[in-house]
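Have a look at the structure below, then the notes.
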């Protein structure tokens, strides 16, 4: 297993109470985390149990002192740092409660050091080991191999050149003493290439001007943080502005600063590419316990041979620690992200359906687990031992089968439930409501016909689209037509129900104006089969836009609309989904009326959490009623101002529904984008009235669930509907010791109604390894799953506690997980090196990106509705979606091979990757941008837009013109491929470099400083490194 030793640098090894760009500091966490993992306060590092781990890092003080290093010389030149002579603004140091350092002001800046001295200085670090590139080699058999990234001794090469294999992350071994003037952000190393230009700062004090590791004052707080170094331009500090680093210098004062080469730190695009090269196009067979699957971004095929496909279940680690103490020590969350209805590619076998007739599925008598590959048949096949609770059960007579010479049933391969990880059982009447078979589900389209929706043309757009869309309702495999029934309601302050019975010549409208006591005025003719009533429905859809064409009614109701849907499903004794198209906040007098409670003054206070909390009362009860009736709500919002999404989306987010938001909707620019969402939403595969339970083998259990779900008790996850995009994240805790021999088993059982009206059980089984070696756990971690878990737990935590605490907990836990690895699994090395486990080497990129997402950034510039919307969307996401959201794809199009079938290779999400002459496509599953460099060639512009130059481009284009040339065809096919593949539609926004809308695009460059606050990846990595060293001292 190759473990990366990334070398980072000393300025960060000072413990600082506040971290740049995250307001209010985020050094030490609260003494008792309010949502700490595994209960207790953040763990101090206790010594590992004897004989269990490798020796921890040798005490740094015993290292040889580099020749001539002067211990307390305040003028020591950090390699790559540039002390400068502007004073620190006292106003800004105030938050640290430290007086500004007087020494800081008296710094001189003599000329550049001679190259020779620099070379000596570097060789004196005696850290050189030649390391190939950044890719880690395939894991060797030995359990832990260290791979530090260090510079080869530079004396062997002419100054000014840099070997292509040299990693320019250099590390003077220890932090400077307290008085060291530190005006610069530095990861200590600069690459040597291009050293010709002046290098501001005092010359080094002779060869080897580096601090001795382990001595000096480790950890006095109080160096002002420097802004603007790596992330390009950044505004000067302003009190109370989340954008500025607390304690920042004004941006870019003094000479231009040398940048550390970002290619030398772990890159997500490299990791994704390497995995695609290694495992892309291959078959992943699920016959081995605890096997770590390829990344979600890799194209691979799954063959189910006894464990569920990673498309259905992914885990944060595939090797659980044997004891709760080990779990507590490493603080790596143990969780699974389950997508019970995930779509399978065409070349994978759909799930088999097992039908045991009236007897129903075979289950363990004690724990009720369903028959699966983990049941051990004994006694000649007459009994079986349950793999989950070890209970020995009699085999039912109808199910008996002889065993072969290996103790396996003779019919092993003929029964999916014995040989596969995922399959379905047909459920008997015992599993149905009131012991009656269910009716097929229904879809009700509920259209807000108030003034805004009529004026914008939205109502006509919806009605026209439904004529064709209803032909494509989802249907059972092999069925000619869909069994789903449809119904129609329009509303503003009152509700209009339509009778569209096939026998009628004209649809009939019935009005319910008493919204307080909602009822459905007709039973027969409201929910109909689309094929039978097609003519009447066409008629209705033609009439609706005209009927309300002259409306002046601008107020709407909302809760009664959902209530009407619930009542309709109850009356018809079926489950189903409401599609609600709503224009604004419900302000009409009725239950669920909302008032504007948006208050920017709450941002960055302890009351900020109230902005994310739904208003209590009516909607809480509605969620309960919806789940009980199997009524899922999908909300399409078209707001022009604040609509209190936190409350309006409460029902959708508890019923397995989705919320789509189109602010300031205009048909020309947003129409197609909305229709793509609607089509995907109506056509996706889905199950209704679902209840899910996760069973585990002894020693651990499911304790917490995150998703678009409703929980009445601690074990049953209820969903009015579950579709192919819903991901439920489940956290596990130990309740006993796990055994390395038997491993750990989980079984997810989902009871649901199919779109054809059949009650079924969908079963997914997964077996994991258990280990008493933490190195095994770190080796089999999956970063993409970890970040899904952290995103959901943080987004839930902000409902109950201040953002500052949540961000602190995230950083502390990141540092804790990495420090534990460093202490227990990595081979000894200088404390100044940042060493990351191979499987988690890009975890800090994702974590930093998560902390810059709208819900976790306290900025008054962000809309409260957008923050609430993103919070709720992420709660229901699977691993693919959170991975893409937190690290967008940035694809260069200007140099693309138009004849190649191979997908274009993305580059890192950083401004440094953009070129003035380039054209880039960026997408994160929610937004899509086409960025045009100001110097992009007229030929490219002509090929894509049929315009002579960039200057002719009009604003508000939301699609590329269809032109008959290779580049246009290639780029349009890339875009349509992405729109096809992602679960949501994305509106293409075309932005020119240096235009105002470009700011929107820049917030997706997640490796740079955040627009609304938040560190660059480089700064965050250094910060985390300092926190790790803090924990280890």
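Just so you know, the numbers here start at 1 and follow the chain as drawn.
Every residue gets a Cβ built from N, Cα and C, even glycine.
Curation does not apply to TrEMBL; its annotations are automatic.
Note that this is a predicted model, so its numbers are computed, not measured.
Per TrEMBL, the features are:
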- 1-264: region 'Disordered' (REGION)
- 68-82: compositional bias 'Polar residues' (COMPBIAS)
- 116-126: compositional bias 'Polar residues' (COMPBIAS)
- 158-169: compositional bias 'Low complexity' (COMPBIAS)
- 170-179: compositional bias 'Pro residues' (COMPBIAS)
- 208-219: compositional bias 'Gly residues' (COMPBIAS)
- 361-399: domain 'Zinc finger Sec23/Sec24-type' (DOMAIN)
- 438-682: domain 'Sec23/Sec24 trunk' (DOMAIN)
- 687-771: domain 'Sec23/Sec24 beta-sandwich' (DOMAIN)
- 783-882: domain 'Sec23/Sec24 helical' (DOMAIN)
- 903-974: domain 'Gelsolin-like' (DOMAIN)
Using a Cβ cut-off of under 8 Å, list the residues of the same chain at least 6 residues beyond the domain 'Zinc finger Sec23/Sec24-type' (361-399) that approach it. 306, 354, 407-409, 417-421, 425, 427, 695-698, 745, 747, 749, 761, 763, 765, 767
Going by DSSP assignments with H, G and I as helix and E and B as strand, what are the residue counts for the domain 'Gelsolin-like' (903-974)? 23 helix, 11 strand, 38 coil
By DSSP, what is the split of the domain 'Sec23/Sec24 helical' (783-882) into helix, strand and coil residues? 68 helix, 4 strand, 28 coil
Per DSSP, what is the residue tally for the domain 'Zinc finger Sec23/Sec24-type' (361-399) in helix, strand and coil? 6 helix, 11 strand, 22 coil
Just give the helix, strand and coil counts over the domain 'Sec23/Sec24 beta-sandwich' (687-771), going by DSSP. 0 helix, 56 strand, 29 coil
Determine the mean pLDDT over the domain 'Sec23/Sec24 beta-sandwich' (687-771), rounding to the nearest whole number. 97
